[in-house]
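S.K.: What TrEMBL records for this protein is below:
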BINDING   A:Asp228  Mg(2+) 2 binding site
BINDING   A:Asp228, A:Glu232  Mg(2+) 1 binding site
DOMAIN    A:23-219  domain 'KARI N-terminal Rossmann'
DOMAIN    A:220-362  domain 'KARI C-terminal knotted'
2 protein chains.
Amino acid sequence: MTFTSDVFDVETIELAGTTEHIVRGGRHLFGALPRAFAGVRRIGVLGWGPQGRAQALNLRDSLADTGITVTVGLRPGSSSAADAEAHGFHRADGTLGDWLDVAATSDLVLLLVSDAAQVAHRAEIFAALRPGATLGLSHGFLAGHLANEGLDWPAGISVIAVCPKGMGDSLRRLYRQGADVDGAGINASFAVAADHDGYAVDRALAWSIAIGSPYTFRTTLDDERLSDIVGERAILLGGVHGIVESLYQRYRTAGATPPEAYDRACATVTDPVARTISRAGLRAVRDGLSGPERADFDRAYAASYRPCRDLVEEIYDEVADGNELRSVVLNSRRLARTPLAPVSGSAMWTGERAATGLTDPFTAGVFVAAMVAQVDVLAAHGHPWSEIVNESVIEAVDSLLPYMRARDVSYMVDNCSVTARLGARKWGPRFAAALDQVVYPAADGTPDPAPVDAFLDHPVHDVLARLAPLRPPVDISV
Amino acid sequence: MTFTSDVFDVETIELAGTTEHIVRGGRHLFGALPRAFAGVRRIGVLGWGPQGRAQALNLRDSLADTGITVTVGLRPGSSSAADAEAHGFHRADGTLGDWLDVAATSDLVLLLVSDAAQVAHRAEIFAALRPGATLGLSHGFLAGHLANEGLDWPAGISVIAVCPKGMGDSLRRLYRQGADVDGAGINASFAVAADHDGYAVDRALAWSIAIGSPYTFRTTLDDERLSDIVGERAILLGGVHGIVESLYQRYRTAGATPPEAYDRACATVTDPVARTISRAGLRAVRDGLSGPERADFDRAYAASYRPCRDLVEEIYDEVADGNELRSVVLNSRRLARTPLAPVSGSAMWTGERAATGLTDPFTAGVFVAAMVAQVDVLAAHGHPWSEIVNESVIEAVDSLLPYMRARDVSYMVDNCSVTARLGARKWGPRFAAALDQVVYPAADGTPDPAPVDAFLDHPVHDVLARLAPLRPPVDISV
């Protein structure tokens, strides 16, 4: 995973006994972008979903006055055209066009349409690319699909990926905050799948810096796809969705009013827990508790760790085997006639949520255990530490949970990719069932303390302490 | 799906405008079994799970004094050997042996080991079969696996399936009741995948009659596999598991005590609803209600039908695509190190269950809607009506729900195949989430009455009225 750059400084960092190479971002580097983008005169952004919009806007802002044009390409009849026009991409000046035309006239083509659309239209898009062009992805999904189908990338192009570890809305929001706090943004991984002319790494780094990544680390398309699809099914979306639903029912059944149960089950996660992790790491959540509250945290952690880890392992297997991607393709076909079921119709999200100020250390223990379970599964499968903590911890507390805090679970889940939205609906209920059927009975007894002991000495604490300072301490306000 | 028999009477029946051919069973036909089993001197039953045990015992009883031997084959070191010996299969007299030896020395080899073991050991088993032997399956799982892998059956053998539409324990229990009530038993489908010598149909019919099927209908291995795996994931196991869990939480949250919530959520299904359906069909559940109770049923039915149907469609797609089987194989590998999580640890099953006598028409409406949703999905995919109602209705009310009534959900689920046990754990929580997130909000409003209108005129009512009398009115007492 070593790499070099002719333009940017590559730093070496030690993380829990491993070595990684990273590039820090920041606005002071924008002047070097044209050199790193050598040969790229036009960047075509295909798609206007949350990622497409955020990346097109960030790129245009970062590349202002460089002569590099950012053009948005949409499918014929796309309902997004009006919003793209409203954001300053116009047919009249050639910065908005048909996606295949844009693909054919761009030097760097960022394929940010939905995973299902990538699968359905890959042949047309590949055929449209000019020889020597660079295809950019923000996700390894398409690579996994090609592997499932026994296919390869087209010859004669470069294929790179820059994968921001956060949802599109927060990518744009933190980038704008970056005007005041240099370096604010969403960390990203990059990968190179094909390097036609030897410039792939610098183009990927330029893309990442231009969309505002505080730091960029290297991965492979396989590792990115696995960690990303697992993460969103587990702690990032599906896991936290199921966990808070189940805890809400538990507290309601035990007599809490709806607002009390909401605050204990959900606001505990989105407020003190997420903020503490963002600021001071995972162990700080427990360190901030004492006496019976710490005992509650420990009891919940001890009972939750193993069932959550088993579930994350199952998710990892399903994703690695390709089953989960086949399932997404099947589901996407059904979506043409059956819309996605709402994810926020439950008593928890439709009930009263007047602030009570209550928090619950049991909730904190469950959530932190599920998060560490995901860290451990990704570590056991050999992912780099930067990917592990960005995909398990930083994306949750800096990008996603603020959206659930501000509005509700559907605002968080349904602003993500269709692949993520499907996955959260599929796996969330499994986490809820694991809590109902396995965690609570164990927690009501005397759970084995071994998981808590392992937590106290966990290498993730040092890794977070090393990586957290690489992003400035901004607070996302949704 | 026409077939003829040289030994048994084949009847033609009309079901909702379609024609099916069936063979009635009964003890008066046991004398004809040797003729139908022509050429079979030894039947080898591989495996001693619930199906293996029940079928071996039923076959031995039915074939007493015919000169046809039933031998049980177990894997070396199998922990089931003592139980098989206790049931009268002995190494000393050659009726108990190593599974590959038994496979090599039997004319009809019934492969009743777990799906995962069939997948893991198919090559050895196929290699052990003598030329001209008949391989018998009770499930289309292996056929689906071979199709996934691009493989075929071995040449020179016949391959038949007889698939009882009930769990092994009830197959044995009802067979024994058949000594008093002739014809008591579990209906079965049969299929012929390869007919080496022209006797496949009669051998399958003889096998089905010998294990006590009241009536036997024809299917294909594909249709059987799809309907069986879908059914157990939906209304038979997974669906009912998730539905009663969710309703229990709903009633508890609304203030019901644990025993009250249990009776309203679960005993309603296992007692009045299942008994009424078994005796008088689906519409009789609603016909027995009036006034506000009928309105509650209708409201629940109207709100539940579509979300349940969407979920059964999703399950059907996953099974038909092969994803679900791949998932079972992946899960089975993990089971070697991580046992299945308990399915009865929730508050519902660990709480107090003193009988209150309460029932709930809302529960009845949800359950019947989910059952009809499955009927409609199977009908839309062209399954024969006998298969649809046995796999969606009769198996539930005559075989499975009595076990949940007598003990708990794990006694019902975990006496089924590993494939079924995995599927119930995977899909049950999805049904619970669909109720929590979609059904209850809709039911609390004014749901579209169209599903109830469709229910009143549903063809399934006539089909059940035609098929129910084919089995005697025995009541399974667990």
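Note: Cβ is positioned from N, Cα and C throughout, glycine not excepted.
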S.K.: On the DSSP side of things, how many residues of the domain 'KARI C-terminal knotted' (A:220-362) fall into helix, strand and coil, could you say?
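M.R.: Summed over the domain 'KARI C-terminal knotted' (A:220-362), the classes give 110 helix, 0 strand, 33 coil.
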S.K.: Looking only at Cβ atoms, how many others are within 10 Å of the one on A:Glu232 (Mg(2+) 1 binding site)?
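M.R.: Total other Cβ atoms inside 10 Å, all chains included: 27.
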S.K.: Can you give the mean pLDDT for the domain 'KARI C-terminal knotted' (A:220-362), rounded to a whole number?
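M.R.: That region's mean pLDDT is 95.
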S.K.: Using Cβ-Cβ distances, find the residues under 8 Å from A:Asp228 (Mg(2+) 2 binding site) that belong to the same chain and are at least 6 apart in sequence, listing them in sequence order.
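M.R.: Sequence-distant Cβ neighbours: A:His139, A:Gly140, A:Cys163, A:Glu391.
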